[in-house]
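These notes are about the structure you will find just below.
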């Protein structure tokens, strides 16, 4: 019995000794960091915009008449000057004939008036005609000459109107849908819209940006010395247009309704893949940003004060850095202000630390990069000692050891 009760005082002594030790301080949390390294990076903006024709011309009936025929195929390419529609020319031909007859009459009247004026000029020095008759003859000559000029203008106008009966393409491009069918009376009181011709190579991309963004872009473009900014067009299906474009217009006025500035880019479209009216994403390279930092998006946090990152200082403690960002690129935020070269920016484990608390920094790896595996001890190397198990008091009714049995 004395041997069975002997371990009890030992257990009580061990428990008392353990209670006297202070609790161990937990190690600082481990965080993944990257070193902030400045670089010169392009300023690339992703902006939504809508495609528009480079030129768009309404084809209208400029003279009254009955539409006789559509000559072109709807949706086909036409060249400038190609015939699109024919309007009944008969009334216009008759008007031209009337104008020509009026001109002939005016020319005959002028010839008669000129002859009378010439006679009056010859007889006036001998006083065979009065001064009043001479003045009347000269006035009649001038009036007849003016009538001839008016007659010629009327003939020219009638000839022009007759030419308008043949409706031609004002520009080269794609001729659209016919708006008026054959047999309709057009040009009565207004210029009836017949169709539209759109030039689609190149195309415009219309978009808008905020005033603050425009000011920053202009500063970067001026610093980089670039006259024109290159743009790429990404289609709704995610594919990129094969031909690069360039910015060619920036308005000087701010739209009071939106507070934005209208801008425009032109994009080559030789294969006619792009269609006017399509909503696309414009990737515009505006210039080079000098001395900026590419920081993973997971490291940049935001609160009411704005964007910030956490860094591990030289003293091993966490500090906050308020930063300014420009654009996102390939999973990174481009930080333009607030960081210094060489600072250890926390990317992983941000939620485990707080400002002024210690942290242990380890190099951060992007998702997909396997962390270094723990190597097994080499053969023959000493193995770590096994941790001794805590003594367990025998349960009530458990058999004693062999010595107790004896």
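Glycine too: its Cβ is placed from the backbone N, Cα and C atoms.
Because TrEMBL annotations are produced automatically, they should be read as predictions rather than curated entries.
Per TrEMBL, compositional bias 'Low complexity' is recorded for 369-394.
Per TrEMBL, the feature domain 'Multidrug resistance protein MdtA-like barrel-sandwich hybrid' maps to 55-197.
Taken from TrEMBL, the feature domain 'Multidrug resistance protein MdtA-like alpha-helical hairpin' covers 97-165.
The annotation domain 'Multidrug resistance protein MdtA-like beta-barrel' is assigned in TrEMBL to 202-283. Averaged over the domain 'Multidrug resistance protein MdtA-like beta-barrel' (202-283), the predicted model reaches a pLDDT of 85.
If you look up TrEMBL, you'll see 294-352 marked as domain 'Multidrug resistance protein MdtA-like C-terminal permuted SH3'.
Per TrEMBL, region 'Disordered' is recorded for 364-406.
As annotated by TrEMBL, signal peptide applies to 1-22.
Mapped onto DSSP classes, the domain 'Multidrug resistance protein MdtA-like beta-barrel' (202-283) shows 14 helix, 38 strand, 30 coil.
The DSSP breakdown of the domain 'Multidrug resistance protein MdtA-like alpha-helical hairpin' (97-165), given as helix, strand and coil counts, is 64 helix, 0 strand, 5 coil.
Secondary structure counts, DSSP: the domain 'Multidrug resistance protein MdtA-like C-terminal permuted SH3' (294-352) has 6 helix, 36 strand, 17 coil.
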